[in-house]
């Protein structure tokens, strides 16, 4: 029989976010702020220590720490951290979290001060003293890892627990930033107060005596934030989970949490005693029972953290290259000692600001939406991709013109470490183990990570040395080289991705459910204790009602729907859109390559696709998409969403592969075959629009429905980005493997035979994400709204949603039949009733989507100007075929990164706050403004000096397209039409959008040609010119703004309220019908 959860723990699990949550984040987070400050600040002063204590008279370069001393100074704190994690993790389970928490903070404060006061009669004495205190500093820091994570997890509610623990860890980013900023302040002050010449002018005078105070002040400042939080740490009560489940003191736990939550709580001492006597709640760390229940989990958390930290701390390998590329670190002999500290601090602060801090907070925002597993898997995946992208064409990145690209790739690697496993490896061990072993297991996992950090920071510092002993850094033996080190790191990240499968997903589950301490808590119970209901604002009972279908109210009002809160539905539907965008946009990356391969003519410029062939290759998928939207939209209402959903995915997988395998006897045959398969690829993609939108809208709760549907559509941004990244990686690999001269040097040799594989691999890759989600699409149940309202099978709908929501639901077959017999619920698409109720709505959704896509797909007009302004697309004849693919992919990736992706996610974040209407109107307004701002002074923008301004205006136009109508036109048609016509109407709206896309992409490509016949592009007739085309596009956007007034606002309303399928559903509270023997609860509709 299911055992009831302890009231005090249940109250914590369901409590709304309150002030004490944020207090706990700050108290625990300031510890991590200090940890990061203390661990990373030493790297800012190691060069200064070398100048002060290891100066060699007559040396051309300033003194530096010998490799052994540098490793000791930098690494001894990591060793101390590893030991502290194991010891304090164990002690936190033995003595309690709170008692030990104060000890670690005192150690950190004392040893930070002592590190800055390190003295000795010789350099060795000073370094030995410094290393001694930094070991014990690390020992205290190590204790903060398991204790902060455990305390935060045991205080948090289960809905936002991941974000709270991640927020504590994210304070590391600010700690790293603070170390750089404080170093900048101190070094600037000393540089102004004590002027000194560069080393090359005066070797001795370049290091002023006062410089010895700088490193001491920087290290000692780490004591300040730790000391400030000591009082508050001591005021925190012990966590209820430790007090009740480990110390077995139910009365004290209830008293502590009653003060925190400000509610009355029953101690339930008998229940605590009964739980303590059960064998399942008493096994130890080294028992068979632990190995059976949690052995693989502990293996997963330790290995993933170990592998992650090898890669994460290997950043030391690249810092010299990164700082050189930024241009902020001149040669050491050209600076004095204090100024060198300033330069190093400035560079590290920039790196922290650009990649470290944002990644942490992306995790905080998304961890409870998409889950720990997905974030960790994604992070390891992109780290693997970027490491191999750095490694395979490594020689390419060493060339001076490409160093900026190296910095970007490097930053992305560590952005996805922080928006990935660097955060999740900290979060998960605090959630999945029993309370009596939680701190210990987190300490073991963290210690494994620090072992990896030592390997990454020092093992790879030696390994990355040149294979030629003459080219190694002073004092280092020969290694395997940077390129081979990067390949090894790529393999390590891939292993991290594999071991992630051993780690369970704790998103949305209580700590007791994950640890097995409450075996019966296997489903989400709606019948909450009285206290938890007080916190949530409800009364005890089950979901049941009159006047509206039981399961619809359940879907609308249960915010913790598992399939939604875990992000599964978003991922399943979103990966379809990821694939859609990849397949539709990747063709533009390879059209120039197709021209070089199949239309070479021996002229001064490389071969290009004729206009009609280019239009066919690029546009045939749009035609297929339009047809697919209409057909599959209609079929989704006839056969059901789920059945048709599998068909579209199979079409996409097969036709992606078939497109890449297009062969023929001559160029025309190959292009014809390619066009044939891309039409059917588009046909499958078209089906994904109405089905994904409809499924997501019918699964979502009304409070966050807009964000969920928009999140599915926003995966397009990542699909476009992935197209660029795959093309970059493939072209870079082929370019490095098959070097070829530029076209102007050797027209024939510039297109290597192997180039034919490049476009095929890029197109074929589109099948991968689609194939990966096929199994999960087939596992999804049919939506309850289709099953109940269209198929009229209330029993099946209730059974499906009972599994999803994990609550009891009544079938209510009679009510379904009664609803079906009402005249208002049976009219067809071409009926007068539909025209009366929804005619203007359909006109609004079709016209706005049509007008939006004309403007959105007109971006082809400006790409030449943009790429030219960026300076990344030289003239075609100066490159070989594969180099051209690389350049185009890089430029398009930049555009996607700067304007496309951010706009989508702004919509996701704000759509349920601002509403669909406001976002769409705002988007069309700004698109109108920017189009006219580009058009009226068009001659101004054509001057070379003003092109960057043109790029900014262009990017803002498409930012407001994505944070505007490009997202809302997809969302709204899935919300405002009846269930039996929802997919059809969305398909019609989407198809009108694709018609607009064809007008924008191809009609305006002809229209924008010069009015002078001699200045048109080859093969094109005269048009109205770019300036006039921009004016027309401005008018198109203005019309979109006007037609937006035909579209209703669906924010916060149920689908039945919008479609009028439940006329009684007018927003008032609906009375519940009780089940026998239970109380009732009123749920607002």
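Backbone N, Cα and C define each Cβ position, glycine as well.
Predicted automatically and left uncurated, TrEMBL annotations should be read as such.
These features come from TrEMBL:
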TRANSMEM  20-45  transmembrane segment
DOMAIN    24-508  domain 'Major facilitator superfamily (MFS) profile'
TRANSMEM  65-88  transmembrane segment
TRANSMEM  213-232  transmembrane segment
TRANSMEM  377-395  transmembrane segment
TRANSMEM  484-504  transmembrane segment
TRANSMEM  569-593  transmembrane segment
DOMAIN    569-1052  domain 'Major facilitator superfamily (MFS) profile'
TRANSMEM  669-686  transmembrane segment
TRANSMEM  707-734  transmembrane segment
TRANSMEM  757-776  transmembrane segment
TRANSMEM  917-936  transmembrane segment
TRANSMEM  987-1008  transmembrane segment
TRANSMEM  1029-1048  transmembrane segment
REGION    1056-1085  region 'Disordered'
COMPBIAS  1072-1085  compositional bias 'Basic and acidic residues'
The answer for the transmembrane segment (987-1008), taking Cβ pairs under 8 Å and residues 6+ beyond its ends, is 615, 618-619, 622-623, 625-627, 629-634, 636, 686, 689-690, 842, 845-847, 849-858, 860-861, 969-970, 973, 1020-1021, 1023-1026, 1029, 1032-1033
Do at least three C-beta pairs under 8 angstroms join the transmembrane segment (20-45) to the transmembrane segment (707-734), pairs 6 or more apart in sequence?
no
Report, as numbers and ranges, every residue of the chain located at least six residues beyond the transmembrane segment (757-776) whose Cβ falls under 8 Å of a Cβ in that stretch; write 'none' if there are none.
568, 571-572, 575-576, 578-579, 582-583, 586-587, 589-590, 593-594, 597, 646, 649-650, 652-654, 656-657, 659-661, 722-723, 726-727, 730-731, 734, 882, 885
Tertiary contacts of the transmembrane segment (1029-1048), as residues 6+ beyond its ends and Cβ separation under 8 Å:
840-841, 843-845, 847-848, 851-852, 854-855, 858, 861, 916-917, 920-921, 924-925, 927-928, 931-932, 934-936, 938, 965, 972, 976, 1004, 1007-1008, 1023, 1058
